[in-house]
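Everything below concerns the one structure shown next.
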Amino acid sequence: MSDTATVAVEAPAVLIVDDMPANLSIMVESLEDQGYRVLVALDGLEALERAAFSQPDLILLDVKMPGIDGYETCRRLKADSDTNEIPVIFMTSMSAAADVVEGLAAGGVDYVTKPIRVDEVVARIGTHLSLRTLQRQLVTRNLQLQHEIAVRQETERKLCEARDELEARVAQRTEELARANLSLNLEIIERRGVEARLKQSEARFRAIVETSPVPLCITSMPQGEILYMNQPFRGLFSFDEAQATGNIVDFYGAPGERDPVVRKLRSEGNLHNTELRFRRPDGTSFWAVANARVATYDDVPAIYVGLYDITARKAADEKLRASEASLANAQRLARLGDWAWDSAQGVTHWSSEIYRILGVVCSQVKPCYSAYLAAVHPDDHAAFRRAMRVLMCTGKPFGIDHRIVGPDGATRIVRLQAEHMQADEGSPWGIVGTVQDITERKRTEEELLASRERLRELSAYLEAIREEERRRIAMEIHDELGQVLTALKMDVALLKMRLVGDANVKANTDPEATRKIDDIRELVEKTIWMVRNVASHLRPAALNFGVVSALEWLAEDFARRNGMPCQLVVRGGEPVLADAFSTAVFRIVQESLTNVSRHAEASRVTVTLVSSDVALDLRVSDDGKGFDADSAQGGYSYGLLGMSERARLIGGTLQIDSAPGAGTMVSIHLPLDGGREQ
């Protein structure tokens, strides 16, 4: 960079702590106009958090605030090593000397009185920021001077030591030269013996290398001419005898890969457990771990190389990486992470998905029980600890749904599952488990339950409308159409009386007309009966006299229509029910009897009504062929579903007991605290 280059300096940050928004807005605007970066806190606790996180250059602190006041906030700032160097200026409407002394004792460097004079505050802020800058520079310069003094003292000490050492070495060297001259002759004799032993050692070495299963090779440096290779090396590269020595062969799998290896050998002198890809003369390649060392061979620089074929291991590693990547993708898509705790090592492992679910960074959080517990919602701590204690004490697997709170404050719902793992008796044990983010599933379930509840409310509303419409139609049929038919019957009877009673008219009347009038009267009577029957089935008039009367009418009508005995047994007297409850009970029994007539192939039916002060119990039982109740309720049996829904809408429960060949019993239990008429 040039000398004229400038470095951008971040504007000083000022944290204003005041619970009055009006004061904040004035100060924020004024300080920002002066080029300061302004942070805001509305109370002492928020000020502590913002100061620790943002590290402002100066704090303007109001004395009177809700919760902890300005003095206590300042004391806590000064007690924290991260914030104790930040200058604090109090803002207060109290100007008494005792208040000023308390503020300075709490750690404040200055104070301003309210109402705030903006120019004065800006000037004080500038002064204290300058003082802090000078203080920092002074501390830095002091540290530099101390370092320079220490370096100089150390240098002088080393010079003294070096001088003393040099004098000692000169004396020692003089003595060594004398001894060396004496031992030189002995060394010549010894070298001759060494040369003889070296020849023997070389012979032994060659025998060992030739019989070693490890592929070994010696090449010249840097040309790469093959000087020697043993049989395993020839077999690994598929070399024949002609290629064994004297040729320059590029073993490496990629072009230009040999030069970096040679440079490393030149600079470091060895190659240790380095994975390299090699190429055979036929073009095939393989992976091997190479160990090499630079030495001499017949007084020529050479590279001694040993290889270990890892092609199979590389393929297995690649499959393992692919499997791990597939598992990671599956966990990411399913929002499912796994974890494990090893009791022997005391180590906890989290998969990467758990970090994503918890909203934390892998490098910043150490996986452990306390780190996970910190993310659990405070209201779920007790249940979480209880489940873990049960697992640790009993070894029984468990699954628990609980909430977690992320660093951003967002709450999510997870499914934690864990089980005890032990390979065999006496071996170390551990715990493995999974954590799955089920927030969306829970939200969908809640929406589904809400939708189902709305549908039930709509069903109840439609059923009430339907019953009211039945009541209205039944009344209109009974009142309007019934009256018309009754009048018609009376007119027909009157007409016949006139025809038969008057001798002159009778003499002139065709007998066929008289018979026709009788037919009309019978047809009208039959129509009246049908109208009454239709009105009764729409809404039995007996319901107006209580549920027992309605059930008596229903049992008689069922017996008459189906030719099957239907007995009504009443215990406990007439229950007093609201109209909607009576209608629902009646419709459930009506649907049960309809099912009996259509499907049961029964010979008799019994309807039992038991009433007490607290509940009503109703049973419809038959001796028919029965059915599999579980299969019927699990399928799309709308009749049974409608009966259950009617019972639920009035606060009751419906139970169906049946089995093939064992008949059927439909039971209704209705608490009477909500069903009695007020």
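Cβ atoms are placed via backbone N, Cα and C, with glycine included.
Feature annotations, courtesy of TrEMBL:
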type: DOMAIN; residues: 13-129; note: domain 'Response regulatory'
type: MOD_RES; residues: Asp62; note: 4-aspartylphosphate
type: DOMAIN; residues: 272-322; note: domain 'PAC'
type: DOMAIN; residues: 398-450; note: domain 'PAC'
type: DOMAIN; residues: 476-674; note: domain 'Histidine kinase'
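Broken down with DSSP, the domain 'Response regulatory' (13-129) shows 55 helix, 24 strand, 38 coil. Around the residue listed as '4-aspartylphosphate', a 10 Å sphere centred on its CB holds 25 further CB atoms from the protein chains shown. Confidence for the domain 'PAC' (272-322), expressed as mean pLDDT, is 82. Sorting the domain 'PAC' (398-450) by DSSP state (H, G, I as helix; E, B as strand; all else coil) yields 12 helix, 29 strand, 12 coil.
Applying DSSP to the domain 'PAC' (272-322) sorts its residues as follows: 12 helix, 31 strand, 8 coil.
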